[in-house]
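Novice: As listed in TrEMBL for this protein:
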- 1-13: compositional bias 'Low complexity' (COMPBIAS)
- 1-40: region 'Disordered' (REGION)
- 31-40: compositional bias 'Acidic residues' (COMPBIAS)
- 66-83: transmembrane segment (TRANSMEM)
- 68-511: domain 'Major facilitator superfamily (MFS) profile' (DOMAIN)
- 103-123: transmembrane segment (TRANSMEM)
- 135-154: transmembrane segment (TRANSMEM)
- 160-182: transmembrane segment (TRANSMEM)
- 194-217: transmembrane segment (TRANSMEM)
- 223-243: transmembrane segment (TRANSMEM)
- 308-327: transmembrane segment (TRANSMEM)
- 347-366: transmembrane segment (TRANSMEM)
- 396-414: transmembrane segment (TRANSMEM)
- 420-438: transmembrane segment (TRANSMEM)
- 450-470: transmembrane segment (TRANSMEM)
- 490-509: transmembrane segment (TRANSMEM)
Amino acid sequence: MSTNETNVTTPETTPSPPTPLPRSSSNNNDTVEDGEAENEADAIIVDWDGPNDPQNPKNWSFGRKWAATAIVSAFTFISPVSSSMVAPATDVIASQFGITSEVLIAMTTSIFILAYAIGPLFLGPLSEIYGRSRVLQAANLFYLVWNLVCGFSQNTAQLIIFRFLAGLGGSAPLAVGGGVLGDVWHAEERGKAIAVYSLAPLMGPVVGPIAGAWIAQKSTWRWVFWSTSIVDAAIQVAGMFFLQETYAPLLLQRKAAKISQQLTGDSEKGGSPREVRTVYSKQEGRTWRELFTKSLARPFTLFWREPIAQVIGIYMAFVYGVFYIYLTNITVIFTTIYHESTGIAGLNYIGLGIGLTLASQINALYMDKIYVYLKNQNKKNGGTGEGEPEYRVPSMIIGSIVLPIGLLMTGWAAEKEVSWVVTDVGMAFVGAGIILTFQSMQTYVVDSFTLHAASALAAVSCLRALAGFGFPLFAPTMYNALGYGKGDTILAAFSIAVGWPAPILFWKYGKAIRMKSKHAKK
């Protein structure tokens with residue numbers, strides 16, 4: 001009997017050299033090619049063909065990896081464009097539909113974000129059942145249809161309902177996208193990819209109001225929705241050609257199905273039937289019912305039982321809430337205090353965008369370098385030499401310092417009617433603080449929960465989206481009562497109270513907390 005060889009590894013561990021498989025005690029011989037299966041208690045366990053298997057997404061070429069990253073980032077960009085593009089047009093919509101409540105006016109923008117809290121809780125786990133590509137493209141098509149229908153709304157109720165449905169579909173990239181990056185990139189390479197991916201959902205809401213302001217001023221508000229639908233349709237077509245499946249358990253399941261078909265043919269010729277399953281089957285359950293139940297429950301389980309997910313979720317919720325307060329109030333500040341037209345006021349979003357972009361690109365250059373440096377230092381100091389999610393914390397420290405500086409600068413510059421340049425510079429600092437915090441925390445989550453990154457991101461995204469929905473609703477009342485100076489000072493104080501201890505806690509106790517987790521990387 002010949003001995004087959006295979007390498008049974010998990011995606012985030014360094015593969016060990018292939019080891020000989022145990023010889024079968026029965027007369028059944030593996031008819032599968034070497035490296036495709038392992039004989040274990042008469043079951044064939046399917047894994048990758050060694051550490052360099054080209055079918056493993058982590059071994060794809062850089063071009064193929066960046067193609068997947070670019071498409072996912074495009075999906076992640078266009079949906080948030082829709083979330084905020086309507087903000088400069090809310091006064092026009094309120095006038096046409098007779099809306100007088102400030103809360104209801106704000107809700108026409110933020111209802112889209114409420115859907116972000118719900119959609120990922122189901123779409124993230126579904127991507128761990130049916131695959132990343134299928135869920136992303138199906139959800140995006142759902143978003144495309146309802147976003148298009150928003151432009152035909154005839155009253156407030158229709159607009160809010162259609163916006164919510166569009167948000168459900170548009171929420172998929174926020175959870176699934178991080179899973180795709182975890183599937184294709186090794187930890188040492190992942191920082192740059194996540195720097196691009198995490199910039200998209202924050203740049204989208206910045207670009208949206210700039211375009212939306214001019215559309216509202218020069219055309220009808222309905223083109224706010226129709227224009228984004230046209231762009232999204234182009235992205236949908238590109239995704240059909242360039243977004244390939246990346247989820248390892250599903251790819252191995254397909255491989256196992258082919259082997260099973262081959263063995264079925266052999267059994268029809270007189271051979272004994274053999275059970276074929278993947279190396280992930282023990283983790284996920286053996287039946288579709290078990291798999292479906294575990295996957296859908298996983299985001300809730302992660303958030304309920306994982307302190308790491310809870311802490312990250314709370315801080316990300318605050319940061320995202322501040323971000324959407326800015327998105328919904330920038331136009332108000334510059335039209336009422338600086339007396340600019342709607343179109344010109346929309347250009348001030350560029351300040352926020354500059355901060356987001358510059359900080360993101362600088363962080364992209366150094367995040368992986370810092371990770372590798374700390375990994376090497378760990379080895380020199382007698383450690384295992386393996387990378388740790390905590391090596392992403394340095395970016396979070398810088399972001400937590402920059403954010404309150406920007407809040408104070410923007411709030412008091414607007415309050416005292418200082419030059420609009422100072423206000424824009426403050427917004428740039430806010431953008432820089434937000435993106436540094438986001439990139440660090442998202443990479444931390446993906447590094448910690450790689451195989452179940454989509455579910456983990458869905459868990460932490462729920463609170464984030466609820467804050468993005470709720471903060472803009474109370475912001476007008478807060479600013480009317482306290483003014484922009486005191487209002488932003490309160491936000492800055494909270495960002496210091498939560499943001500400054502968080503990196504220290506992650507750095508000192510993050511690993512100890514992860515060691516108690518059932519799902520996080522040990």
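For all residues, glycine too, the Cβ spot is worked out from N, Cα and C.
These figures come from a predicted structure and were not determined experimentally.
Could you tell me the structural context for the features on the list?
Specialist: Sequence-distant neighbours of the transmembrane segment (66-83) (same chain, 6+ residues past either end, Cβ-Cβ under 8 Å): 57, 60, 109, 112-113, 116, 136, 140, 143, 147, 166-167, 169-174, 176-177, 180-181, 184-185, 193, 196-197, 199-205, 207-208, 211, 225, 228, 231-232, 235, 238-239, 242-244, 246.
Long-range Cβ contacts of the transmembrane segment (135-154) within its own chain (Cβ-Cβ under 8 Å, at least 6 residues beyond either end) map to 72, 75, 79, 82, 119, 123, 126-127, 162-163, 165-173, 176-177, 180, 222-226, 228-229, 232-233, 235-236, 239-240, 243.
Tertiary proximity for the transmembrane segment (160-182) is limited to same-chain residues at least six positions away from its ends with a CB under 8 Å from its CB atoms, namely 11, 68-69, 72-73, 75-76, 78-80, 82-83, 86, 107-108, 111-116, 118-120, 123-124, 127-128, 132, 135-136, 139-147, 149-150, 153, 190, 193-194, 197, 201, 246-247, 442, 445-446, 450-451, 453-455, 457-458, 461, 465.
Through the fold, the transmembrane segment (194-217) approaches residues 69-70, 72-74, 76-89, 92, 173-174, 177-178, 181, 223-224, 227-228, 323-324, 327, 330-331, 341-343, 345-347, 349-350, 352-353, 356-357, 360-361, 363-364, 367, 431, 434-435, 438-439, 442-443, 446 of its own chain, all at least 6 residues removed from its boundaries and within a Cβ separation under 8 Å.
Long-range contacts of the transmembrane segment (308-327) within the same chain: residues 84, 87, 109-110, 113, 202, 205-206, 209, 302, 349, 352, 403, 407, 410, 427, 430, 433-434, 437-438, 441, 444-445, 448, 456, 459-472, 475, 491, 494-495, 498-499, 502, 505-506, 510, 513-514, 517, 520, each at least 6 residues beyond the stretch ends and with a Cβ under 8 Å from a Cβ of the stretch.
Residues 319, 322, 326, 333, 337, 355, 359, 422-423, 425-438, 440-441, 444, 484-489, 491-493, 495-496, 499-500, 502-503, 506 of the same chain lie 6+ residues outside the transmembrane segment (396-414) yet bring a C-beta within less than 8 angstroms of a C-beta in it.
With a cut-off of 8 Å between Cβ atoms, the residues of this chain six or more beyond the transmembrane segment (420-438) that come close are 198-199, 202, 206, 315-316, 319, 322-323, 326, 330, 333-334, 338, 340, 348, 350-356, 358-360, 363, 395-396, 398-411, 413-414, 495, 499.
Counting same-chain residues at least six beyond the ends of the transmembrane segment (450-470), those with a Cβ under 8 angstroms from any Cβ of the stretch are 10-12, 110-111, 113-118, 120-121, 123-125, 127-128, 132, 171, 174-176, 178-179, 181-182, 248-249, 280, 283, 295, 298-300, 302-303, 306, 309, 312-314, 316-321, 323-324, 441-442, 519, 521.
Tertiary neighbourhood of the transmembrane segment (490-509): same-chain residues 311, 314-315, 318-319, 322, 325, 390, 393, 396-397, 399-401, 403-404, 407-408, 411, 433, 437, 444, 478, 482, selected by CB-CB distance under 8 Å and a gap of 6+ residues from either end.
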Novice: So if I exclude everything within five residues of the ends of the transmembrane segment (223-243), which remaining residues of that chain have a CB under 8 angstroms from its CBs? That is, six or more out.
Specialist: 67-68, 70-72, 74-75, 78-79, 81-82, 85-86, 89, 133, 136-137, 140-141, 143-144, 147-148, 150-151, 208, 211-212, 215-216
